[in-house]
Amino acid sequence: MLNFDWLSGISQETAKLIFFSLYLLIGVLVLLLPDEYVYEGIPKENRHWWNNLKLWSWTVLAILAVVYYQF
Amino acid sequence: MLAGIDYFIVIAYIVGMLLLGLYFKKFVNNSEDYFLGGKSLPFWAIGMSIVVSDIGALDFVGVSGQAYRYGVAVGNFDWVGSVPAMLLAAFIFIPYFWRGGMYTIPEYLGRRYNKSVRTIASATWILFFALDLGVLFWASAVLLNVLMGWPIWISILSTAGVVGLYTYFGGITAVIMTDVVQMIIMFIGGFALVFLSLDAVGGWENLVEKVNTMGPEYRSHFDIIQPVDTTSPFPWTGILFGLTFVMANAYMIGNQSIVQRCLTAKNEWHAKASMIFGSALKMFIPILVLFPGLMAVVVHPDLADGDQALPMMIKSILPPGLVGLMFAAFFAGLMSSVDSLLNSTATLFTKDIYEPFIKKDGDDKHYLKVGRITTLVLLIIGVATAPISSDFPGIYVAIQTFMSYFQGPLFAILILGIFWKRTTQWGGLSALVIGIGFAIFLNVFKTEFFTIEDPFLYISWWSFLLGFIINVVVSLMTKKHTALELEGLVFSARILTKSKT
């Protein structure tokens, strides 16, 4: 049990899909954050799309997904 | 051995770092400057500092060695082992710590639980960091010994002298700003080695083909997802449960040397952005540290010790000049890790041990002085304990083993502490003590319980789970905290909709 042998029936391909699902879930949760919270610390008049940390997060998650797709 | 130009590059680098670090001495006027950089630093500097402190010399030598033995699966540590945890830290934990004006993670645990939890967590980190220092010094000695033939103790002492001096005077600002330069040098040196090594093995496709035909033990070298029944330390279940759910979070959220950097940010946006920017940079780390190990499988197929893969690649692939740059890159990794540990441990000791237990009412200058003296004492401990590392077969695995003792229980109390208001001080204390004890028990009897080579990922998961359950059960049986006691310490949807709590 401690060795997770009860999960040995799951193939490596399925396991990879589990990781992709996790990235997607995180991406969705990030999208649900209010913009006000994401920009907190920047005055309203100085807020631009490139300061949007949701965009940063999605970019990083996309790169991560590409790496796992490649290997 | 290094050529004349290599020596020049290395010496210029070391002197440059020393001068740059000492320049920031003038910005240190009080303990907040020394420990939190006066809360004035930008996201890009912090993000680069997080990455370079995390990668360090250990990854250059240890991960290359692991990649030589097990393949790309070791890259999980910088990919899935960083990004999800850093996003969680950026959006949930860091804003709490930053808004609370905290210096240390145990300080949060002390406010959320009690003084004992704070002390145990702090003492454990101090112990880990002190051991870590020894491992880092030993890693430097391994490379210096192969490359330059320097005696072990000469290399250890010279590293300690340079890093100790600028950390002592410049505090965390010197640490972070030297980290920025160190990261740039590491990336230049690392990419130079990767491109030249790739050329030496005839390109990527040729590398894959050659490694795959070297025998059955190399067939899964390019599979990032390893099956459950693998004998390597990286089955996908360990990567998902042990690394992604526990160790990565514990490291990015509960590690003083990482979180302390975010607390130096000039505002909350910079604090959050530093983590996300750092996670983007982390994506490149496996290219620098893992690929040379993979290529060494083809170039040097008969190495007895995987940790020799990187030094041998540097020796056989790089021309004069670039050897010096690569050595400077290695030294950069080492220095950045050592300076981080020194400053963070000094912060932990001063804020969590000295201030509450030894001298409560000292003035600010006194605590600044204590922080500096602690830095010196730690240097001595790190140098003295360096030879212990030679008793472990893989340097990187050794450090993970140390961490797995308490990462799980620590994360269990952190996550419940911030997300569940019913968690009590006795729940947190029991979870921490029993969880650490259980992790040590599993590690001592690992051959009885586990089938994989080094089960540190599984140990961290099971000790987390036990710590989590114990925290819940004991909390439900003990008196709950009042709303006033929990104010600003437990996650609430209000933090997302209100600008400041």
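Along the chain as shown, the residues are counted starting at 1.
A Cβ is built for glycine as well, from the same backbone N, Cα and C atoms used for every other residue.
For B:6-24 (among others), the entry in TrEMBL reads transmembrane segment. Long-range contacts of the transmembrane segment (B:6-24) within the same chain, counting only residues at least 6 positions beyond its ends with a Cβ under 8 Å from a Cβ of the stretch, are 162, 165-167, 169-171, 173-175, 177-178, 181-182, 185, 320-321, 323-325, 327-328, 331-332, 335, 339.
The transmembrane segment annotation in TrEMBL covers B:79-98 (among others).
Sequence-remote contacts of a segment are chain residues at least 6 beyond its ends whose Cβ falls under 8 Å from one of its Cβ atoms, and for the transmembrane segment (B:119-144) they are 56-58, 60-62, 104-106, 109-110, 150, 152-153, 155-156, 159-160, 255-257, 307, 310-311, 327, 330-331, 334, 337-338, 341-342, 344-345, 348-349, 352-353, 356-357, 378-379, 381-390, 395, 398-399, 402-403, 406, 410, 429, 432-433, 436. Look at TrEMBL and you will find B:119-144 (among others) tagged as transmembrane segment.
Only residues 6 or more beyond the boundaries of the transmembrane segment (B:150-168), in the same chain, are considered here, and those with a CB under 8 A from a CB of the stretch are 14, 17-18, 20-22, 24, 137-138, 140-141, 144, 174-175, 178, 331, 334-335, 338-339, 342-343, 372, 375-376, 379, 382-383, 386-387. Marked as transmembrane segment by TrEMBL: B:150-168 (among others).
The transmembrane segment annotation in TrEMBL covers B:180-198 (among others).
According to TrEMBL, the feature transmembrane segment maps to B:234-254 (among others).
Panel annotation: around the transmembrane segment (B:275-297), residues 43-44, 46-48, 50-51, 54-55, 59-60, 63-68, 71-72, 74-75, 78-79, 82-83, 86-87, 89-90, 94, 183, 186-187, 190-191, 193-194, 197-198, 200-201, 207, 211, 214, 218, 221, 252, 262, 303, 306, 309-310, 312-313 of the same chain, lying at least six beyond its termini, place a Cβ under 8 Å from a Cβ of the stretch. Taken from TrEMBL, the feature transmembrane segment applies to B:275-297 (among others).
Cβ atoms under 8 Å from those of the transmembrane segment (B:317-335) belong to residues 2-10, 13-14, 17, 52, 55-61, 136, 139-140, 143, 147, 159, 162-163, 178, 181-183, 185-190, 192-193, 196-197, 200, 299 of the same chain, restricted to positions at least 6 beyond its ends. Per TrEMBL, the feature transmembrane segment maps to B:317-335 (among others).
Within the chain, the transmembrane segment (B:370-389) has long-range Cβ neighbours (under 8 A, six or more residues past its boundaries) at 31, 34-35, 129-131, 133-139, 141, 152, 156-157, 160, 164, 167-169, 171, 338, 341-343, 345-347, 349-350, 354, 362, 395, 398. The feature transmembrane segment is assigned by TrEMBL to B:370-389 (among others).
Here TrEMBL flags B:395-419 (among others) as transmembrane segment.
What TrEMBL records for B:426-445 (among others) is transmembrane segment. Only residues 6 or more beyond the boundaries of the transmembrane segment (B:426-445), in the same chain, are considered here, and those with a CB under 8 A from a CB of the stretch are 109, 112-114, 116-117, 120-121, 124, 401, 404-406, 408-410, 412-413, 416-417, 455-456, 458-460, 462-464, 466-468, 470-476, 478.
The feature transmembrane segment is assigned by TrEMBL to B:457-477 (among others).
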